[in-house]
Amino acid sequence: MWSGDRSAAAGSGGAVVTVAFTNARDCFLRLPRRLVAQLHLLQNQAIEVTWDRQPTYLSWVEGRHFNDQGENVAEINRQVGQKLGLCSGEQVFLRPCSHVVSCQQVEVEPLSADDWEILELHAVSLEQHLLDQIRIVFPKAVVPIWVDQQTYIFIQIVALMPAVPYGRLETNTELLIQPKTRQAKENTFPKAGDAHGQFRSYGQEQKGMSKELQTKQLHMNTEGIPGSNETDPKVPSDSSWKAHWWTMLGSMFSLGPDNRQATSWGSSEISVFKTMQSQDVPLDSVFRVCRVQPPSVRDTPATSVFHKHCTVHVFPWDQEYFDVEPSFTVTYGKLVKLCSPKQQQGKTKQSVMSPEKEKHPLESPNHKQIGSDHTEEAGEACVLKVVWNGLEELKNTTKFTKSIEPLHLGKVWIPDDLRKRLNVEMHAVVRITPLETTPKIPRSLKLQPRENLPEDVSEDDVRTGFSSWLQQSATTMLPLVISKEERIKLGIKDGLKEFSLSVVHCQEREKGRGETAFVLSAVLLRKISVQVLLEPMIREENSEEIDFLLPFLKLNSLGGVNSLGVSAMEHITHSLLGRPLSRQLMSLVAGLRNGALLVTGGKGSGKSTLAKAICQEACDGLDAHVEIVDCKALRGKRLESIQKALEVAFSEAAWRQPSVILLDDLDFIAGLPTVPEQEHSPEAVQSQRLAHALKDMIKELVSVGSLIALIATSQSQCCLQPLLVSAQGIHTFQCVQHIQPPNQEQRCEILQNVVKNKLGCNINKSSDIDLQRIAKETEGFVARDFTVLVDRAIHSHLSRQPVSTREELTLTTSDFHKALHGFLPASLRNVNLHKPRDLGWDKIGGLHEVRQILMDTIQLPAKYPELFANLPIRQRTGILLYGPPGTGKTLLAGVVARESGMNFISIKGPELLSKYIGASEQAVRDVFTRAQAAKPCILFFDEFESIAPRRGHDNTGVTDRVVNQLLTQLDGVEGLQGVYVLAATSRPDLIDPALLRPGRLDKCVYCPPPDQVSRLEILNVLSASLPLAGDVDLQHMASVTESFTGADLKALLYNAQLEALQGRLLPGGLHDGGSSSDSDLSLSSMVFLNHSSGSDDSAADGESGLDQSLVSLEMSEILPDESKFNMYRLYFGSSYESELGNGTSSDLSSQCPSAPSSVTQDFPAAPGKEPLFTQHPMFRTPSQEGYQELTQEQRDQLKAEISIIKGRYQSQSGEDESLSQPGPIKTSFAISQAHLMTALAHTRPSISEEEEKDFAELYENFQNPKKRKNPSGTVFRPGQKVTLA
């Protein structure tokens, strides 16, 4: 039973655990993760273990494969537990020690003579693995030390310095070992103070020879055993050492004659090699070449084993291991590169496939492990040193694997020079196998430079440099093992030169063609002849770069997409298990199980650049391989070719995992058809089949647990096949990032980064650029537009001021203004924008309240966006204009678009409707997409009642679906940003009421017929450019035009203008032919009425229409003589002109009375009267039936009459010279009051009194629904469709 005090201590800073024995080959106490967190333990922290005996102190590790049964269980090696007096199942109390002292010196003693002999024979192994087995020691402790997999010895801790109850072994701790011989006596052991052995730190070179025979102690070094075993004459003879020497001498004579010299010469090096090769390391393992140098290698001194010649470093996948202190094992092995699927495919194309390979075609690398039956080695194997970091972790990986084994056992880092020499690219796969044969000792070496040497370099300089290099690269405890030919770099004349080191003769002749390795050391070099050649050897130049460097920008160099980039990078990091938290929590959903990333955005929005920047960050930060598939380039190819390209990319990514696959512009090969008519086209069928194939590839990678992340780009999520974006089944894309059009702040960032990337300078340092002003003027621009804009600005600057270097180029705001002139952004290309007429608010008469509402709702927010952006409530963006026809609704929409400076898109209602299911809704979506792309934009729907009637009244259901789509677009979740919706109708009662609720078209503005004051304003506006006579009284005209709308007043002025034209051109027709009312030539009979009930209303076209007619009248006065025949055609047709020789019939055929452009349509001839001629000649064009050729008498008569008309016309209009001179309209051509009254007599209002009453009642009921007559008296017929909206 635990006492009360101990229970209290357990609750405050300790824990009670149950001891369980294991077969682990170390002295660490293994604790479950929950207990580690409970005790707040730190790395290398000591733990006090207390039970019924004296407390002991142990070091701890976390049990990675711990079997937690719900209680605190601490595992420890059986031999350690028994020596401490523990029993399996016994309960002990654990308490973390707050402070641990590092030991400077530790004195130990083997427990028996057998232990001493075993320790003496396995000194090298113990030096390399001692710290892997024990870290915390305390006096009088007896601990086991393992020298191999099955053998262990016991040592006792004698004393610690400084004298502390417990301490920690460090890499620089000196370890004094007292030898224990079989005939040892008490007086034969020296004191601890006289010992010379020490335990040196990692990376330190040996500085002196050992004197272990003199002191009877072992001199241990963490990097190797002593460099030689030289004897001292002062060493006393000992029977045990004599027996040792006799035994070694007998073994020498027992060997063959060829092995005697090898035993006496280089025996220590061969012995060390065999000891190192006896280490328990993974055999024939596959590793992935990593890019980043691990911190454990980067932080070590340059003299350590990590930086020796031909040394590779193996690490486990867990990157957390890089943060702990390095404990490594060094062995010798062979490294060979394995061909990837793409490289194997390239070799297959270059050579003819053998019959064996035809039977076994290339397989996908998604298998459990790599075997020699389906992999191909690239190049010859290279002999090198292998530094195993985290060996226990690597062993656990092979031992505790899941049902599906990983492709690679771990990572291997190869120095750049060695990697390039072996032609191994980044993220390649290599196989490391142990060196099975014993290395031989060379007799002769040859050194030859691979580059030109300075002239003053001699052979002695090369030999000196080689000797220095060999002393740094090899010691007796860690000899250098090389292949038959190596490339080394020697320091010659204060510079590094590359040499080729080759073995000319070896001590033993090769038997067969087996693998050959040679051992070198500074001691062996004394008896090896070195041949030096100063002439450089001829080598093949290989200028190709084996590493493919991604030429992409990083996320911090883009601008405007920082939040999107961070979010997308978080998804990729979790998918590739790039963080400790990801490895702990998301190991079951790694790779594509976490879903793919979809980046969407419009054309030129930068989605491909963002995706490539994410790939660049993943390559740099996560050491991921990147495979890019340009789907746009695959469009139009055969299905088999596209599928093969995708399979190669996926296989390559699986081979080099962790990897990132980028499918750029995926909608080009796996997208939906643009129009419903193409749903069953061959392209659509192929796109659907490719989507199925892509889905199958992803499922296969998910099933084998590949560490692959997938990124795809598309214009929108709806553009892809439903199989890839369906909400049912497996979600392919679980992270969707949409790039919105940039706001002003984002445009500043984009512009700043584009200039910085192109010019290499920071734009903030230039005070000549006003970024805020340029960003405000580039509304609607996307990333690609800014790239083109900067190019145009640079071109503008260079054309103005040439520079010689890029640093001298300094852009200014004026350069950007010149670049913006005439530049159309990509978002506005292929967008049907309707340019409003050049009219302002001053060109509108009346409608003051309506104008003010439009200004407050649309114009002011467009001019002051920052002010309105701070409003807490969402501002109004939809307005419905309703009123009788001709009251100026269309005119208001155009004027507000021009005054606000926004883009203008006008939609006629019926043009959105289609007979195909879904086409009408798609047309509505496309319209709003166009408006979003062109924002700030005004979207104007004319004849709105035709596309948005009440639901339930359409037998086909087309308009019902259109209304539903409009409701979604007007008041969706995202809302409209920068798009204002205007709708015009004369029948608001027919519109679905759901569209008129707040948040949609929430403001209904009534455009009433003009009263007398408004009519006077309209007449003043319309007649501003007309030549009015002094007797014109517009006030009187406004009073006598009751019920006239703006369109009617426009028609009135048209007719008055034509009356003035008749009096100007044909004044005799009003007097010679009788009264004007009886004359058929009177142009007053051509009245212009506005009977349309649609949107060509009001002065929207009136002002410009009058201006155009005035221009035609002005031109009639200044026409040249050739154009005067248009008047003759008014009466005689074009055939007479041909007869007079004024043009061929082909040239004048377009001017015949039947042609649309004929002037006779505007001024029709009067067939019944002939006031200007004494005779009535009837002539027809040659194309008309009944044509007769004119006689000479008829021609003479016509010429005489034409001359009379010409003389009368010239006398009225003045000299011919004045006709060719442009000038203002003459005062003789003026619209008088009589012309207005004559036109009024033939002009009637477009809306009758009865229709006006109906409209008034209709609008009254619409504005006040509660005042409707008999609101509940409606009788429904059986089968009638109604709506509850």
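First residue shown is number 1, and so on along the chain.
Backbone N, Cα and C define each Cβ position, glycine as well.
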Listed range which Swiss-Prot flags as region 'Disordered', given the options 206-229, 446-469, 1262-1285: 1262-1285
For G883 (ATP binding site): DSSP state (helix, strand, coil): coil
Spatial neighbours, same chain, of K603 (ATP binding site) - Cβ under 8 Å, 6+ residues apart: Q715, V782, R784, A826, S827
K607 (ATP binding site) CB neighbourhood, other CB atoms within 10 A: 26
DSSP-derived class (H/G/I helix, E/B strand, else coil) of K603 (ATP binding site): coil
